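Novice: Found this in TrEMBL, in case it helps:
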- B:64-275: domain 'ABC transmembrane type-1' (DOMAIN)
- B:12-35: transmembrane segment (TRANSMEM)
- B:68-90: transmembrane segment (TRANSMEM)
- B:102-122: transmembrane segment (TRANSMEM)
- B:149-174: transmembrane segment (TRANSMEM)
- B:195-219: transmembrane segment (TRANSMEM)
- B:225-246: transmembrane segment (TRANSMEM)
- B:253-276: transmembrane segment (TRANSMEM)
């Protein structure tokens with residue numbers, strides 16, 4: 001009896017093993033098979049001069065695709081390339097989908113993704129097509145190019161205009177109270193005090209959507225960069241920490257200073273991004289530290305108020321060094337293993353060509369400057385975007401840290417909520433974040449960690 | 001005899017294969033991957049580092065404390081409230097059936113929907129709860145926004161949602177107690193309280209034990225309600241182990257989240273097994 005049980009058990013284990021091996025084998029065969037049939041499909045429908053091709057395009061559902069769709073229609077007309085857009089969730093959930101599909105070889109022909117640290121965490125050499133040889137790459141702004149490159153290889157095409165991180169403010173409130181745009185942090189705090197006395201909310205904290213809590217810290221990076229230009233490199237190489245670099249720690253301190261002075265709205269944890277936009281647009285609140293992509297949402301929901309919204313960069317200590325932190329645009333990347341490499345190159349080239357951009361801009365308003373040489377902001381840009389022009393002319397712009405370093409700790413948004421609510425001190429928050437970054441660096445297998 | 005045995009085992013093979021492939025194999029592998037830093041294509045052995053990190057980092061450690069509080073608080077309340085409801089609903093009430101379905105109703109609603117609905121109800125200034133409190137002159141706190149309160153608010157919502165199932169199990173248990181005992185008790189002139197304490201309670205023991213175990217395991221593994229109501233916030237103050245594991249996985253820290261899963265598995269086992277044994281010893285036969 002016992003023997004019988006044993007042999008059955010062993011038999012079961014063996015079967016299991018065989019089953020597993022079979023599964024593994026099946027996977028690779030089926031994926032090869034599917035790409036093959038794709039190829040055949042294309043062959044069948046091909047007409048001789050201008051073969052019809054279909055490119056699949058994975059985009060997250062937070063990105064407004066109107067502009068892309070308009071350009072895609074042009075491309076369909078001119079090059080007979082159909083674009084099939086496939087939507088995925090955004091945020092970290094979407095990251096998982098992208099990583100899984102890349103690893104299993106099931107990525108679409110082209111895909112939309114962030115530039116900078118998130119992109120570099122994808123292990124780009126393995127999955128994406130190097131387009132450094134294409135002529136349009138020469139038009140790239142250097143700071144942008146760096147965020148979609150690994151070594152000499154370039155992988156991305158800018159999919160939109162850049163945006164800026166700083167303070168959106170309600171111009172009507174400023175007019176009413178006779179305030180000036182602040183050029184130093186102290187001036188900003190003084191403005192806040194005046195706004196508070198007038199019975200309005202000086203600064204909106206919308207911690208129900210935790211990601212919004214990071215802006216005060218991240219938008220402060222222009223000030224860090226201007227005082228300590230090597231911080232990003234040292235940070236990446238494990239030589240500089242937020243907790244031990246006073247100028248970097250300032251960002252955490254500013255978060256807390258606003259809470260201590262009572263400048264936030266109260267009910268921070270119950271206020272979401274949408275609520276914040278309403279408070280700002282209606283003039284119930286004066287400031288909202290945010291990325292300029294919020295302008296499109298304001299224009300969409302409160303079209304009458306968009307003219308009232310202005311923008312300034314998060315000020316530092318010196319009035320003559322008041323600059324703006326830039327967020328690089330999301331980019332479009334090409335799948336290296338796609339069957340349609342030529343079509344992809346045509347697609348990308350058209351997308352950043354003058355014609356393509358014209359179509360795009362007719363559909364979409366810019367949240368900030370374009371990262372291509374010779375492309376100017378159109379005259380009908382949002383007033384808040386025009387406010388950025390003076391910073392651009394003076395050259396007082398710098399990219400955010402996540403575009404200079406591949407490191408960005410994933411729990412930053414929870415930590416900035418803790419600091420912003422006064423649950424921990426700025427020092428404790430910075431230390432926590434440094435440890436979070438350390439985990440990230442180890443997971444990315446960076447040197448020196 | 002032999003053939004019969006073989007026959008019965010052979011019927012187990014299909015289910016066994018599926019169970020082995022999709023449950024046993026991943027479970028065993030997770031014990032291995034908990035010791036590594038891995039991504040979808042590669043792994044590196046790092047020994048106990050993941051586990052040490054889990055115990056050292058305050059934002060990870062808080063999950064153990066909260067899970068512990070959450071599981072015992074909800075299990076305790078579900079047993080107590082469930083017993084009270086069950087006693088009431090086995091009594092001679094005219095609207096018994098209606099109230100029974102009313103108590104059970106929350107169990108049928110999706111947890112995420114409950115979470116979203118309650119995060120609206122518990123809004124500090126516009127929520128129904130604080131509006132009602134305001135009417136009687138009380139100034140309600142920020143239920144989900146106060147870091148010291150958030151985990152308890154979520155626990156109470158969990159009790160609201162889960163007490164129905166406990167009640168139904170208790171009712172079933174109480175209905176199976178033969179009426180003879182109560183008749184004998186009445187003959188001896190005992191009062192209602194004594195009937196409950198000396199007859200109902202000891203004879204519902206199996207039902208009570210089932211509820212305790214189910215509620216504890218459910219509480220230890222809770223994720224969806226916390227995620228829908230607070231996302232673990234503010235900061236990390238209402239994070240449970242399960243929500244931490246989810247966040248670490250989302251962040252791409254696969255090794256760390258696997259280690260967390262192993263710890264959760266061990267924690268459930270260490271807490272539940274002894275309790276299960278202890279409770280079973282105390283059961284009495286009808």
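Cβ from N, Cα, C; glycine included.
Note: TrEMBL annotation is automatic and uncurated.
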Novice: For the transmembrane segment (B:12-35), which partner among B:102-122, B:225-246, B:253-276 gives the most CB pairs under 8 Å?
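Specialist: Comparing B:102-122, B:225-246, B:253-276: B:253-276 has the most Cβ pairs near the transmembrane segment (B:12-35).
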Novice: Could you tell me what the rest of the chain brings near the transmembrane segment (B:195-219), counting residues at least six beyond its ends with Cβ under 8 Å?
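Specialist: For the transmembrane segment (B:195-219), the sequence-distant neighbours (Cβ-Cβ under 8 Å, at least 6 residues beyond its ends) are 67, 70-75, 78-79, 82-83, 87, 158, 162, 165-166, 169-170, 172-174, 177, 181-182, 185-186, 268, 271-272, 275-276, 279-280, 282-284, 286.
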Novice: Determine which residues of the chain contact the transmembrane segment (B:149-174) at the Cβ level, with the cut-off under 8 Å and only residues 6 or more beyond its ends counted.
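Specialist: Same-chain residues near the transmembrane segment (B:149-174) but 6 or more away: 66, 69-70, 73-74, 77-79, 81-83, 85-87, 89-90, 100, 103-107, 109, 111, 114-115, 118, 122, 141-143, 200, 203-204, 206-208, 210-211, 214-215, 218-219, 222, 225-226, 229-230, 233-234, 237-238.
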